[in-house]
Amino acid sequence: MSHRPDTPLLDTVHYPSDIRKLDKDKLPQLADELRQEMVSAVSVTGGHLGAGLGVVELTVAVHYVFDTPGDKLIWDVGHQAYPHKIVTGRRDRIRTLRQGGGLSGFTKRSESEYDPFGAAHSSTSISAALGFAIANKLSGSNGRAIAVIGDGAMSAGMAYEAMNNAEAAGNRLIVILNDNDMSIAPPVGSLRNSLARLVSSSKYLGPRAVAEKIAGMMPEPVQRWAERTEEYMRGWVTGGTLFEELGFYYVGPIDGHDVNALVEVLENVRDADKGPMLVHVVTKKGKGYGPAENAADKYHGVVKFDVVSGKQDKGPGGGPPSYQNVFGETLARLAETDPKICAITAAMPSGTGVDKFADAHPDRAFDVGIAEQHGVTFAAGLAAQGMRPFVAIYSTFLQRAYDQVVHDVAIQNLPVRFAMDRAGLVGADGATHAGSFDLAYLGTLPNFVVMAPSDEAELARMVKTMAKYDDGPIAVRYPRGGGRGTAIPENPEPLEIGKGRIVKQGSKVAILSLGTRLEEAEKAAEQLEAKGLSTTVADLRFAKPLDEELIRKLLSTHEVAVTVEEAAIGGLGAHVLTLASDEGLTDGGLKIRTMRLPDRFIDQDKPEKQYDEAGLNAPQIVETVLKALRSNSAGVEEARA
Ligand SMILES: Cc1ncc(C[n+]2csc(CCOP(=O)(O)OP(=O)(O)O)c2C)c(N)n1
Ligand SMILES: CC(=O)[C@@H](O)[C@H](O)COP(=O)(O)O
Ligand SMILES: [Mg+2]
């Protein structure tokens, strides 16, 4: 394709079909421009930077070689897909990434036909790609499915479950292992060591060697040998790796920043007829942007930053500590005098605050990799043997380990402590990362205690409560970010299980709050008082067991009762309604309303806007109370007061 040297090449590339028109020797230039564009975009939006920088060449090469969107390209997690978005018709919106109404920070089916499968939670790509490949096989279509999965994501069991089943896909399935020797933190475990051995024990495989191996053009004696057994052939190509044992032809390691080599290797892989292939590509997280390459976290996730210096705009600082750090620091302190306390994270040491614990007690901190299911059952084993394990997992990621929570923990009534961070709406990560369902999924389980603090001092008390509680499973859920600035007690008092508190006493309206909506509940109470409506505010602290005595009293002494929580239906409101119905507490005409997340997924935005959309801010609490007061006994709203 002819291209005027004075115009950026990227300006001529809107879709992968434009890349495919380019001469191969133009691809390095395209990759350079794509990298610059990505840095520029993320400098104004913030987001996941390091992972995308590492796959710029891979993005160009895959779209050059494969016939996307007919061939299905599936990015695992999807946090590395920004360059892919730029070359698949979304460059004009790339500066809306992760903003309200803008592009998602992950792959999303509704956004583009080039995103055949949505992601954000890790390690789903091989299963999904296998589904596409088998569907193609069944329908007689030639299309291929290409999963690009990171070394961190490869630590999850699901990846192996998929590979274990992959043989039937034949050459319709290609897995590209993007090995940058990083997860969010440095990766852990034996897989990491095994990949490192593969990388260090051989030079990068050049396109020619790959072609020869795939075509079976081996040195004479080897070829004769190889021809005799299919098994040997596999071994020769694969080097006998774990992947080979799982039925894949292993090709690698390949230099993931040499775009022309990548193209040639992928062309060979595309045209090979050897069954499912795994291409081991070695990349650098943060590649090509100095501040990212030099950062310990390789700029996995950043806020807005200055492109020249790389300095992130983290604000003036000095604000209230984050819930994650309150959790980690409190637990670390408690562990000083309790040698049974352990902490477990599934590849999120800094996000969960377990890094603080690990600094103080390295032998009792466990990063299990992206392995939430294993993490929970591992904790159950620790608890069964008398330890006091705290499993710190984001609310959204604990969803993956639900059966382990039910079967290994709850049914056996084991005292595993769950610290569920990122509860409620989380902002820029959007619906996939919202911690909406934990109150419903844990609150329904016999034996569980479930708490939610209204501020960081309460969280410290709840962590202490968990450390002291050996009677069964116990969980606390708290939001992303900083608290209200309440002083954190040096020596937090444990709470009495199942006891809430009255924050403000009134007589006509009762707001029953769970978690950090308390601040909005208090604001709403002020506004109601200003309208002459005497309002009680209760901080229930426990979704389970409920403070039945307190709730009974509130429901029988107020005209309107409203529950408020940052969770989907099935949480606090459902439990309060069940109590009210079981005991006939509404029979006397009490007007009861439950305020919770709506029955739809809420996309990325600033959290306060998300809560506005969800109808959980103070004005909406006020409106709910006024509406209830206006409704008559048939539930019909009467004329506005
Ligand atoms: C089930 C699940 N657990 C945890 C996470 C958080 N998470 C997102 S990316 C990531 C690291 C992924 O590492 P890798 O696959 O190697 O990709 P890289 O960022 O290195 O490109 C983690 C732990 C997640 N998205 N999903
Ligand atoms: C991609 C992913 O799952 C994580 O990087 C996540 O975005 C981190 O979220 P926090 O910023 O809330 O730690
Ligand atoms: Mg990685």
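Just so it is clear, glycine is given a Cβ too, placed from its N, Cα and C backbone atoms.
Keep in mind the model is a prediction, meaning the values are calculated, not measured.
Some features that TrEMBL has for this protein:
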BINDING   His79, Ala120, His121, Ser122, Gly152, Ala153, Asn180, Tyr289, Glu372  thiamine diphosphate binding site
BINDING   Asp151, Asn180  Mg(2+) binding site
DOMAIN    321-486  domain 'Transketolase-like pyrimidine-binding'
Whole-number Å value for how far Asp151 (Mg(2+) binding site) lies from His79 (thiamine diphosphate binding site) (Cα to Cα): 14
Secondary-structure category, per DSSP, in which His79 (thiamine diphosphate binding site) falls: coil
Spatial neighbours of Glu372 (thiamine diphosphate binding site) that are distant in sequence (at least 6 apart) but have CB under 8 A: Ala346, Ile393, Phe397, Leu398, Arg400, Ala401, Gln404
C-beta crowding around His121 (thiamine diphosphate binding site), within 10 angstroms: 22
Largest inter-residue Cα distance among His79, Ala120, His121, Ser122, Gly152, Ala153, Asn180, Tyr289, Glu372 [record-listed thiamine diphosphate binders, Å]: 32
For Gly152 (thiamine diphosphate binding site), nearby residues of its own chain (Cβ under 8 Å, 6 or more apart in sequence): Ser122, Met182, Ser183, Ile184, Pro187, Ala347, Gly369, Ile370
Binding-site residues near ligand 2 among His79, Asp151, Gly152, Asn180, Glu372 (Cβ under 6 Å): His79
Listed binding-site residues with Cβ under 6 Å from ligand 3, out of His79, Asp151, Gly152, Asn180, Glu372: Asp151, Gly152, Asn180
Three-state secondary structure, which DSSP defines for Glu372 (thiamine diphosphate binding site): helix
